[in-house]
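Peer 1: Pasting the feature list from TrEMBL:
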{"type": "ACT_SITE", "residues": "H160", "note": "active site, proton acceptor"}
{"type": "BINDING", "residues": "60-79, 142-145, 251-253, 277-279, C295", "note": "NAD(+) binding site"}
{"type": "BINDING", "residues": "Y104, R107", "note": "substrate binding site"}
{"type": "BINDING", "residues": "C168, C171, C209, C214", "note": "Zn(2+) binding site"}
{"type": "DOMAIN", "residues": "35-309", "note": "domain 'Deacetylase sirtuin-type'"}
Amino acid sequence: MLMSLFQFATRRLVSQAYCGLKPPSSKKQRFCLEMARPSSNMADFREVFAKAKHIAVITGAGVSAESGVPTFRGAGGFWRKWQAQELATPEAFARNPSRVWEFYHYRREVMLNKHPNPAHIAIAECERRLSKQGRSVVVITQNIDELHRKAGTRHLLEIHGSLFKTRCTNCGNVTADYKSPICPALAGKGAPDPEIEDVEIPVEELPRCEEDGCNGLLRPHVVWFGETLDADVLTEVEKELDICDLCLVVGTSSVVYPAAMFAPQVSARGVPVAEFNMEATPATNRFRFHFPGPCGTTLPPALARHETELIS
């Protein structure tokens, strides 16, 4: 049964691997499913889509790339002279919360001016339409940009958190916060140019908890390198993947664990999985379908109303 296998494997990986890191590459820990070369036949996919009752959509950075969202990954992915993995850690925040908040303030401000692209919109429209037919769509995203939410997706599981939520380091309270700037001291700060020096904002002027009597230092409510994913969110993910009868993998490289194992686990129990990505990934040959190209181009026709759907 998928649930027990998935729970065991997920918990094991989460307990031994840091968020954003690849697990050891031993053969025993690699899910190997021999399958024929995946199909790129859209008509065949559309027939499967027309029959699906519970669709799970797993998305990564690629789905937001067409909205102009910077990823800070790979060569050239720097903010000032640091890469994300040097800033997005509990240790970096403990050493220099001002620098880390400048980085996240910059990312928040960038995202306030970004908009959902056709891929986000197609997913949200599909969810709305199928819900009227007694069918369900859930989006499981690794992205923290909230573009799925902006597009109108309601059933959304953000496994890495959100740029627009904060968590108090003192009382643990989590709050949605869309203020621009998030605090007065960060106004006009966070420019990414490498020649710009840190502002060194006093810690008492950084975002603070507004719960009565707390005033603790706030941090972004995102999962940093070295932190495990939220157990409650993972439990919801497990439930959705256990009941889905079609899975879409959209704009993800399928190398960041534990999310990289979600779709292969679904495929292992015989459920059709369709990958929409610019290029093949390490998991491509485990899936029934693969559609190369920009997600904003390939996804809308895949999720459009099928001729067999009843219009309510």
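Glycine is treated like the rest: Cβ placed from N, Cα and C.
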Peer 1: Let me know the model's mean pLDDT on the domain 'Deacetylase sirtuin-type' (35-309).
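Peer 2: Over the domain 'Deacetylase sirtuin-type' (35-309), the predicted model scores a mean pLDDT of 95.
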Peer 1: Going along the chain, which residues six or more apart from G68 (NAD(+) binding site) have their CB under 8 A from its CB?
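Peer 2: The list for G68 (NAD(+) binding site) reads K114, given in order along the sequence.
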Peer 1: Rank aside, I only need the closest one: which of the binding-site residues Y104, Q142, M278 has its C-alpha nearest to that of C171 (Zn(2+) binding site)?
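Peer 2: Nearest candidate: Y104.
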Peer 1: I'd like to know which of the binding-site residues S64, Q142 has the most other Cβ atoms within 10 Å of its Cβ.
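Peer 2: Max Cβ neighbours within 10 Å, all protein chains included: S64.
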Peer 1: May I ask which of the recorded positions G60, S64, Y104, R107, H160 is closest to C209 (Zn(2+) binding site) if we compare their C-alpha atoms?
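Peer 2: When the Cα distances are compared, Y104 comes out closest.
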Peer 1: When a 10 Å sphere is centred on the Cβ of C171 (Zn(2+) binding site), how many other Cβ atoms does it contain?
Peer 2: 13
Peer 1: Measuring Cα to Cα, how far is Q142 (NAD(+) binding site) from R107 (substrate binding site) in Å?
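Peer 2: If we compare the Cα positions of Q142 (NAD(+) binding site) and R107 (substrate binding site), the gap is 16 Å.
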